[in-house]
């Protein structure tokens, strides 16, 4: 007897499964509140050089003091990173006569003054991560995603070794500890280290929640379960906007987004360990107890097997035999993804697609001020648009096919980003509509790539394939924040880069095989 047969006996999708899925959705909400926190944690408000000896200008207004002390941009705004070596009093008579002699202009010597009308404090204002130090500001997001990458490897191994639930609890506890340490940071170095560790801890939640829920659900409802879990990511997106709007001080913002992990720990008290994992690891009595609980909650009172008779199902032996049948040549590793021609092509192309999906998604998600909307409203709307995008993409993938849906979703994401390079900034409403549409395509591409990739790889290499592509995706997520620094070369270069990568990687998807209504491959020979 296979586990799927046993699951049908006790109810493959009843009240028990719904309870488990909703309990696991609470930890899922925590993820975007940290993954996209950089938008508010490291926001840089308007600023200018601090002007020394302001008491000498008691007869001048603040605007006039800035006029004689800070050079102006062509549009009339004051520069953020430069000041005059000496006050230029002649500008009081004609402010348009900006000095052309760069020798009287210097970088800020006495720190900066920040506009606190929108943010009480951020890490930018706390440690002056502006101008020459601007790269360190963007690097905090990169450090976080490096932690996520490392955590995926660590928790992927540990969850197979010690169980899903135990490692999920460990991940949540570590997230709380490192999240609170981040809030208590007294230096940039401490923040960088604790945010990296927070990313590693949260990676366990990202990695374990979906499989733990799916392993309790029958085959017919797995797609629905995946959509349901994914929708709670979007809800977390919207909650982040509201929390950031209410909490404008970065220490307390970190506390506010970390606190819900406590609620998640409480909700996991009633979530059982994966019965599949328990049986595969010979923990038959524990599996039996959880299966009986499932049967009772689903109303299958006739399902009653004593612990002494339970081993007669030979589930452990059956699962081990299945594993042996699928790996006739021994164990597989990441190297196996590149040994044979077709699998090598799939791995290279799917890796490129994953990189483009993550790179463009986080590129759009971390540029809330570039589309003409208030950043809090942008964050909220970006979360709202994801929900219909997920639903529409699942319909399209079953009608049009995986390959076409994946490719065009990513290409259209890039074209929307590129369109906003051309559209003048004065067309605020049009830029906002294009940005929101692009964000919808971006989320659709992310939704598609999870399902598509799992169908491309054979069973014996599916987890390795997903691990490899997830690693490439997180590499894209790590690089996305750093691309914003390219605006010093050309103002639109970051958007052009996101556009180019999305279009190119989307085009690569056309090289992948179609998997709609195709039997899932079991071994490498099926792919070849």
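Note: Cβ is positioned from N, Cα and C throughout, glycine not excepted.
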Range annotated as transmembrane segment - as stated in TrEMBL, picked from 92-111, 112-131, 252-271: 252-271
Dominant neighbour of the transmembrane segment (376-396) in 141-159, 166-186, 192-212, 224-246, 346-364, by Cβ pairs under 8 Å: 224-246
Two-stretch contact, the transmembrane segment (141-159) and the transmembrane segment (224-246), at least three Cβ pairs under 8 Å: no
Annotated stretches the transmembrane segment (166-186) and the transmembrane segment (346-364) touching (3 or more Cβ pairs under 8 Å): no
Contact ranking winner - 192-212, 224-246, 252-271, 408-427 against the transmembrane segment (346-364), Cβ under 8 Å: 408-427
The transmembrane segment (252-271) in contact with the transmembrane segment (408-427), cutoff 8 A, at least 3 CB pairs, sep 6+: no
